[in-house]
Amino acid sequence: MLTLGIESSCDDTAAAILKDNGTLLSSVLSSQDETHSPFGGVVPELASRQHLKAIVPMVQTALYRAEVTLADIDLISVTQGPGLIGSLLVGFSYAKALASVRNIPLVGVDHMAGHILAALLEEEKPSFPYIALVVSGGSSSIYLAQNTQTFTLLGRTRDDAAGEAFDKVAKLLNLGYPGGPRVSKEASTGRRSAIRFPRAWLEENSLDFSFSGLKTAVLNHCHKEKQNNSSLAVSDICASFQEAVVEVLMTKTLMAADIHGINTIVLGGGVSSNPRLREAMTEACAISGKKLFTPSPEYCTDNGAMIALAGYFQFQTAGPMPPEQDVYSRSRLT
């Protein structure tokens, strides 16, 4: 069975061809970093326009690299939400039209499900059940994955997502966009303990996150240093900020695993490719006797392969999507 996966939830246009539930024949992506870099973040209207330009070439390229045609495709899987409505509509509308004209079954999948299942694209696959930490520019959530279709939301951010906090700190320090990789690069030469930024633990045993206070603490530190006519130690700020984020993400993920008696942890989402987060999670899992699965960076960021995989599993269970369905901005995984 060949599945065409289409992803356009934010600022990346991606497509992939997946054979059955494991053989990836092609995966291509068109990034919009250059478009949004001057603004220090994603501009929704510009993102939609770029998707319109890229969607057809990406699908054509995915088919070409997989050495197949649309006539060979058995299923189309497309991101239905969450994300930017304008961006989602480009991929979703295109997929619906393509499916209708070619008489191909269509499924709309939740973007978070793609990230939760992305580790299954790797040769070494996690076994269910597992705890999934999904961290990106728009989400910081912990899920209990019972199988390929059953996900329980255990905790989520109450304000800024981790990736959003990285972008805002990068903008504050004039590091450019995208902020996550730039903060991480600066942090690699800084001291993690140079500045004791706050950690938001919230209520006892809470698995929710909050990063707005941390972001404000970085802002206040920078203002204080400038008032004292001190030069900003950018690397130390980045390393200390990153350590505060990583410590909270790591601690709450391990807490979720302990509460539910789960020994397998999976990382997903763009921020999960952060080297320090991977290092800290690897060390913590080794100490606690848990198995950690970290997808390759190309499967951490938004991609068509994870959407194809999630759609394949969904189709096996529920069949094609009703034609009247539309996109949504907030995840339906609860």
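Note that the numbers count up from 1, one per residue, in the order the chain is shown.
Glycine too: its Cβ is placed from the backbone N, Cα and C atoms.
According to TrEMBL:
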{"type": "BINDING", "residues": "His111, His115, Asp302", "note": "Fe cation binding site"}
{"type": "BINDING", "residues": "Val134, Val135, Ser136, Gly137, Gly138, Asp167, Gly180, Asn274", "note": "substrate binding site"}
{"type": "DOMAIN", "residues": "24-308", "note": "domain 'Gcp-like'"}
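It is Asp167, among the binding-site residues Asp167, Asp302, whose Cβ has the fewest other Cβ atoms within 10 Å in the structure shown. Asp167 (substrate binding site) sits 20 Å from His115 (Fe cation binding site), taking the Cα positions as reference. In sequence order, Glu7, Ser9, Thr79, Met112, Gly114, Val134, Ser136, Gly268, Gly269, Asn303, Met306, Ile307 are the same-chain residues whose CB sits within 8 A of the CB centroid of His111, His115, Asp302, the residues recorded for Fe cation being left out. Proximity note: of the listed binding-site residues (His111, His115, Asp302), His115 have a CA within 10 Å of the CA of Val135 (substrate binding site), given in sequence order.
Candidate binding-site residues: Ser136, Asn274. Fewest other C-beta atoms within 10 angstroms, Ser136.
Gly180 (substrate binding site) has a Cβ environment of 25 other Cβ atoms inside 10 Å. Summarised as a single figure, the pLDDT of the domain 'Gcp-like' (24-308) averages 96. Close to His111 (Fe cation binding site) in the fold, though at least 6 residues off in sequence, lie Glu7, Ser9, Thr79, Gly81, Pro82, Gly83, Asp302, Ile307, Ser331, each with a CB less than 8 Å from its CB.
Shown in sequence order, Met112, His115, Ile116, Ser140, Ser141, Ile142, Tyr143, Gly268, Gly269, Ser272 are the residues of the chain, 6+ apart in sequence, with a C-beta less than 8 angstroms from the C-beta of Val134 (substrate binding site). Cβ packing within 10 Å was compared across the binding-site residues Val135, Gly138, and the lowest neighbour count falls to Gly138.
Mapped onto three states, the DSSP output places His115 (Fe cation binding site) in helix. When secondary structure is read from DSSP and collapsed to three states, Val135 (substrate binding site) falls in the strand class.
Every protein chain shown contributes to the tally, and the Cβ of His115 (Fe cation binding site) ends up with 32 other Cβ atoms within 10 Å. In sequence order, Cys10, Val42, Ala161, Gly163, Glu164, Phe166, Asp167, Gly180, Gly270, Val271 make up the list of same-chain residues 6 or more apart from Gly137 (substrate binding site) whose Cβ falls under 8 Å from its Cβ.
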